[in-house]
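Chemist: Just passing along the structure, written as structure tokens.
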Amino acid sequence: MKAAIVVFPGSNRERDAVAALEAVSGTKPHLVWHRDTELPKVDLIVVPGGFSYGDYLRSGAMAAHSPIMREVKARADQGVRVLGVCNGFQIITEAGLLPGALMRNGALKFVCRVQHLRVENTDSPFTKKYAKGQIVRFPVAHGDGNYWTDAETVKRLDGEGQVAFRYVSDEARSDPRGNPNGSVSDIAGIFNAKRTVLGLMPHPEDAVEALHGNTDGKPMFEGLVEALS
Amino acid sequence: MSAEATKAQERPVSAELAKEFGLSAEEYQNALDILGRTPTFTELGIISVMWSEHCSYKSSKVWLKTLPTTGPQVICGPGENAGVVDIGDGDAVIFKMESHNHPSYIEPYQGAATGVGGILRDVFTMGARPIANMNALRFGSPDHPKTRHLVSGVVAGIGGYGNCVGVPTVGGETNFHPAYNGNILVNAMTVGVAKTDKIFYSAAAGIGNPVVYVGSKTGRDGIHGATMASAEFTEDSEEKRPTVQVGDPFTEKLLIEACLELMETDAIVAIQDMGAAGLTSSSVEMAGKGGLGIELTLDTLPMREQAMTPYEIMLSESQERMLIILKPGREEVAKAIFDKWELDFAVIGHLTDTGNLVIKMYGETWCDMPIAPVSNAAPEYNRPWEPTPKASDLDESVFDGYSESLGDTLTKLFGCPDLASKRWIWEQYDSLVGGDTRFMSGQADAAVVRVPGQTKAVAITTDCTPRYCLADPVEGGKQAVAEAWRNLSAVGALPLAITDNMNFGNPEKPRIMGQFVGAVQGIGEACKALDFPVVSGNVSLYNETNGEAILPTPAIGGVGIMPDAMIAVGIAFRGEGDVILAVGETKGHIGQSIFLREILGREEGAPPPVDLAAERRNGDFVRGLIRDGLVVSSHDVADGGLIVTIAEMAMAGGIGAYLTGFDGQHVRVLFGEDQGRYVLAVRPDVAATVQEKAKAVGVPVSVLGETRGTALSGRGGDIVSLKRLREANEGWLPTYMAAEL
């Protein structure tokens, strides 16, 4: 699997993504600078976490208009897999690859903790190595992760199998401590209609080795390698 | 703007103006003598910040010189932007802790944020990629009307900056005490790693070499910030809000990447960040260390505001700026890098052989004075000081009337502000970015962060027990160093060196100066005994409001190393049936303990003495056990004594403890805060081996019980459930922060 990671001024989890991809795939991903207008030929594009452009206008809003994003959108249209994590989720949502919006956390505070999630759909290269309904732990670290879309769209996302992950409490119940940011319907990550694009707030790339305390994120990268090699 | 308009804004230089700028009459006379004439307005401004307490260390220098600063592991001690220590394989760890107390009280968000930004720059300016941030915070009484607002703003500011730059904030400490009502303490620490052959220093060299300005534009923020930090607060201090700088972590992130990219080339001669006193201190220090002169022409300097005067530019403390001396002809290489990162880049001058600082703008010269005489003449005072009277120890009568159940006492202690969980704070910090965090503090006695791309890891801790320092500054200073050393040993790391952040009141008062002198003596003794030298530090004096001083708070940041991050041991109990051992001697010292203050309502007595030989022996023993893979959980004994330590380990792991070692013991054995102790959990099959090893090296070890169930229990049944303790422990801070004023 060949992968590219798009780096914006203010990206700060690109190194985590490089380490995770390299550990699982054995191949170093390409780092692509935001002002580049061309992407190498790759099977996977990762838009990493961070604070692109300082998140000064609105999280992800400026990066979504960066030259490289036109190319990312074109590749996504051709079916190239795109993974947006945290700020990357905000950027690809602002760019129109996914429906909805990410607002300031409900408690108005940044939140960093290990979060329990339920895998909602395993029919994608991102989630194929998980079991449906499996509870996994990924860290979250964000200030603007409050996913919002209207009730009708939530219904459609659920109906079409586009909800990838939901926040759950430690006891696998949906409760306020489970949902760290107030997201509608506890949504932590969603696919596009073809399930070739995944955006999620939690960080699978920070849960891939013993040092991280758990390796629940590893199957995501293993699934991608298996599907795209 | 023109020369004429600038002159129209300048005020006539006189003894009165000098006083307003913070110079004493003698100091002003000294300036007249050195120059042989009246300084210009710009020169007076420059001299006043150079000679401020904040920049000159005039009250503290004479004592700081007594601290041990060398050792085989030390590559660079105090005097540079940060300390540099060898961690093997051609790698170095670079670190420092610095205060941002005064600005954080006036404007908590920006004060704390720019504190983090400033300490990050001190570290990456030496060539290190920052890998971890820590912070040590002291707030006033929770009942004080400003405390909630200050906690909220400071925490948001630290998170807002650290999270954005992508450096994990992995731990620290937070205390509350009424002595900080008018002066909170915000001490921030950064740890970075570099290659030993790629470390950058600040001494300028090469006459004619270009002087380059990079980073953010200069505005009028922070003018005379260093002077503000060199005086006591009064009621009208909030009027000083305009002297607090505003941080831009996004620009800092770009600056880190651009500087590290430039450092990959061989273009740099010297580099320094513009911190306190901005362009003045960076240009004067760089030229001064190189024994050269420097000539700056400010017309091309990137400015954020219109019509700035040379005085304003030289004294501005605008953030995210660096000064670089380049090798000749490397301007284009450097500029291309800063263009890529969309940062300002301007050649603003060159080095000269005159030894003078020359400032030109609008076609005129505003400053032309010799650097060495002005730097060397920075005042150095041996201020009068009084030793702190020794407190006598407490007799048995302090326990009269104490009859509460152990479960109730523990519940109360875990809900008190100092012992309550600080989850509300640390969940606002990104502690994981980088993917190298093994433990954040709280999970272990020290934070453990892997060196990127390697297996080895650095361990980091910050420590100080101000109530001990108030009662006995010498023992308190010793204790702060010993506890840092102990916390590093408790995770299995070899302690290497410390940074000290000395927070005290007004040094012109002999009682306060005596606290400072005592703490330095204690720190020095402990550093010598533990081979734990001071490699960097910062002094913050005048932490007083309306004559009320803070508790003496010499915060110690300690750094250690271990060959593999995965050998580190945390505090949590990890399975039932493990044997719980106490390492070190327990006498039951109750003076100045948390139990005495929170349960018996008294803040008295002498603090626990520190036996540095026992400290070293016990710590070496524990570290050895961890390195041999014999330890499951490890926690040093600090606030609250043995029983609180065990309860913390139990809560962290969700596994209780069945305790037999306290049967028939006095309550002081449970809660006493004797130093040099650890609680370990070991597998039952190695418990005898551990005890034999201890005996062989003369380390006292006793069995306290075993891990079991979901409560603290003993022969008499349950003492208290972990659920009840956790509710008390987790509940206090969120409830407090959610309440109305």
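Our numbering is plain: 1 for the first residue shown, then up by one each step along the chain.
For all residues, glycine too, the Cβ spot is worked out from N, Cα and C.
Those TrEMBL annotations? Automatic predictions, nothing curated.
The active site feature in TrEMBL is assigned to B:H54. The active site, proton acceptor annotation in TrEMBL covers B:H100. Annotated ATP binding site per TrEMBL: B:Y57, B:K96, B:D500, B:G537, in sequence order. Per TrEMBL, Mg(2+) 1 binding site is recorded for B:E98, B:N538. Per TrEMBL, substrate binding site is recorded for B:S99, B:H100, B:N101, B:H102, B:R121, B:Q245, B:E317, B:S318, B:Q319, B:S540. Marked as Mg(2+) 2 binding site by TrEMBL: B:D122, B:D273. According to TrEMBL, the domain 'Phosphoribosylformylglycinamidine synthase linker' annotation covers B:16-58. Annotation comment: TrEMBL describes B:79-194, B:444-562 as domain 'PurM-like N-terminal'. If you look up TrEMBL, you'll see B:207-359, B:576-708 marked as domain 'PurM-like C-terminal'.
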Chemist: For a three-state summary based on DSSP, what are the helix, strand and coil counts in the domain 'Phosphoribosylformylglycinamidine synthase linker' (B:16-58)?
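Modeler: Final tally across the stretch: 30 helix, 0 strand, 13 coil.
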Chemist: Around B:E317 (substrate binding site), how many other C-beta atoms are within 10 angstroms of its C-beta?
Modeler: 30
Chemist: For the recorded ATP site formed by B:Y57, B:K96, B:D500, B:G537, name the remaining residues of the chain with Cβ within 8 Å of the site's Cβ center, in chain order.
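Modeler: For the ATP site, the extra neighbours are B:L64, B:P78, B:M97, B:E98, B:T499, B:N501, B:M502, B:V534, B:S536, B:N538, B:V539.
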Chemist: Select the most exposed residue of B:H100, B:R121, where exposure means the fewest other Cβ atoms within 10 Å, treating these as the recorded positions.
Modeler: B:R121
Chemist: Checking the binding-site residues B:D122, B:D273, B:E317, B:N538, which are within 10 Å of B:K96 (ATP binding site) at the Cα level?
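Modeler: Of everything listed, what lies within 10 Å of B:K96 (ATP binding site) (Cα to Cα) is B:D122, B:N538.
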Chemist: When you rank B:S99, B:D273, B:E317 by Cα distance to B:Y57 (ATP binding site), which of the binding-site residues ends up on top as the closest?
Modeler: B:S99
Chemist: Which of the binding-site residues B:S99, B:N101, B:R121, B:Q319, B:D500 has its Cα closest in space to the Cα of B:D273 (Mg(2+) 2 binding site)?
Modeler: B:R121
Chemist: Restricting the comparison to the binding-site residues B:R121, B:D122, B:G537, which residue's C-alpha is spatially nearest the C-alpha of B:E98 (Mg(2+) 1 binding site)?
Modeler: B:G537
Chemist: Please list residues from the chain of B:G537 (ATP binding site) whose Cβ is under 8 angstroms from its Cβ, counting only those at least six apart in sequence.
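Modeler: Those within reach of B:G537 (ATP binding site), by Cβ under 8 Å and sequence separation of 6 or more, are B:L64, B:P78, B:K96, B:M97, B:T499, B:D500, B:N501, B:M502.
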Chemist: Between the recorded positions B:H54, B:S99, B:N101, which lies closest to B:D122 (Mg(2+) 2 binding site), Cα to Cα?
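Modeler: That would be B:S99, the closest of B:H54, B:S99, B:N101 to B:D122 (Mg(2+) 2 binding site).
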Chemist: What are the DSSP helix, strand and coil residue counts for the domain 'PurM-like N-terminal' (B:444-562)?
Modeler: 46 helix, 43 strand, 30 coil
Chemist: Measuring CB to CB from B:N538 (Mg(2+) 1 binding site), give everything in the same chain under 8 Å that is also at least six residues away in sequence.
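Modeler: Counting only residues 6 or more apart in sequence, the Cβ neighbours of B:N538 (Mg(2+) 1 binding site) under 8 Å are B:K96, B:M97, B:E98, B:S99, B:T499, B:D500, B:N501, B:M502.
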Chemist: From the DSSP assignment alone, can you count helix, strand and coil residues within the domain 'PurM-like C-terminal' (B:576-708)?
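Modeler: Taking each residue of the domain 'PurM-like C-terminal' (B:576-708) in turn, the totals are 53 helix, 24 strand, 56 coil.
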Chemist: Tell me whether B:S99 (substrate binding site) sits in a helix, a strand or coil according to DSSP.
Modeler: strand
Chemist: Sort the recorded positions B:H54, B:R121, B:E317, B:Q319 by C-alpha distance from B:H100 (active site, proton acceptor) and give me just the closest.
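Modeler: Considering only the listed recorded positions, the nearest one is B:H54.
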Chemist: Between B:E317 (substrate binding site) and the residue listed as 'active site', how far is it from one CA atom to the other, in Å?
Modeler: 13
Chemist: Over all shown protein chains, what is the count of other CB atoms within 10 A of the CB belonging to B:K96 (ATP binding site)?
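Modeler: The answer is 27.
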Chemist: According to DSSP, folded down to helix, strand and coil, what is B:D122 (Mg(2+) 2 binding site)?
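Modeler: In the DSSP reduction, B:D122 (Mg(2+) 2 binding site) maps to helix.
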Chemist: Quick check: of the binding-site residues listed here (B:N101, B:R121, B:Q319), which one has the Cα closest to that of B:H54 (active site)?
Modeler: B:N101
